[in-house]
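Asks: Quick one: the structure is below, questions incoming.
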């Protein structure tokens, strides 16, 4: 049985599992419903998801007037978008927007003379604002900052700093940001070189936004299937179906290694998204890496499992049992965190709620049956392997 099991493990480790996903596109949000002109005109706007829930829409006219709309998930505090010469905060100029505790919208330009809050001056900066007043509003769960800049020549690739804080500015004094990132935006893609909105601009909208959303959805689907369904049910098989020897053992091995492939694939997509789109989610990333490392240790342990008569077998059993439990806990926790970070919406929350409820109810029902009819569940298999659940 051991050789057959190892063959199955190797076979599943080289297998590729495909899945179809439905791609959502936040760039399809109709900003005409809540933004005034000229910010509501999406005809020539490029839309790019850039960081976490941050989306930048922009266009550039033949007269080098750049129209920008920054959208991000918002609960409190401020959201900032800064223009920098070298990608650093010092000497950068930023547009910062927030909604006060009383519900008043505020958007101002700031200039970073230094790194202390007192050195970030409001109503100063080098951004060439036009006569069109900047605008900020909250619509749904997102804040939208809109403003126009007028440059003497075409604005091309530009280092941009994005930042946010959950603390409200006091007397227009900004608190230290909770998180930030630096990206490089090519504003020449939004130039009005033709009369229509077709051509490279439309391709840029479709490619940039759909690629990120496809990656986010693929990452979520793979993680949900692996950590949310396959691995938990593989653990359930090992705990409650040992009386179906040797079927339980083969099923356990198959379930766990298929689930492992899904989990690794999900992690690969997530890391690729992190590197390609500057998608920052340190807690989600850290928990995911921890869960994957524990899973890899489980796979390695499978190949060095002591014989059942070995004096070291009980220690291996303890290790396999508890490391598996911890890995599954981190996997479930990270699914919840991922849904929250991605603003995945009600359908994902309901879907995972249903999956999690099904796993819990299945475990409870089988545990009750096991307690009521212990003789039916107590048959020791000739090749014991402690469950991971």
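Note that Cβ sites are derived from N, Cα and C of the backbone, with glycine treated the same way.
Feature annotation from TrEMBL assigns signal peptide to 1-24. Residues annotated as domain 'DOMON' in TrEMBL: 52-167. Sequence annotations record features per position, and here TrEMBL assigns domain 'Cytochrome b561' to 182-375. Residues or ranges marked as region 'Disordered' in TrEMBL: 187-213. Marked as compositional bias 'Low complexity' by TrEMBL: 188-204. Annotation source TrEMBL lists transmembrane segment at 220-241, 248-274, 286-305, 326-344, 350-369.
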Asks: Can you tell me the mean pLDDT for the domain 'Cytochrome b561' (182-375)?
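Replies: The average pLDDT of the model in the domain 'Cytochrome b561' (182-375) works out to 82.
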Asks: Give the residue counts of the domain 'DOMON' (52-167) per reduced DSSP state, in the order helix, strand, coil.
Replies: 3 helix, 64 strand, 49 coil
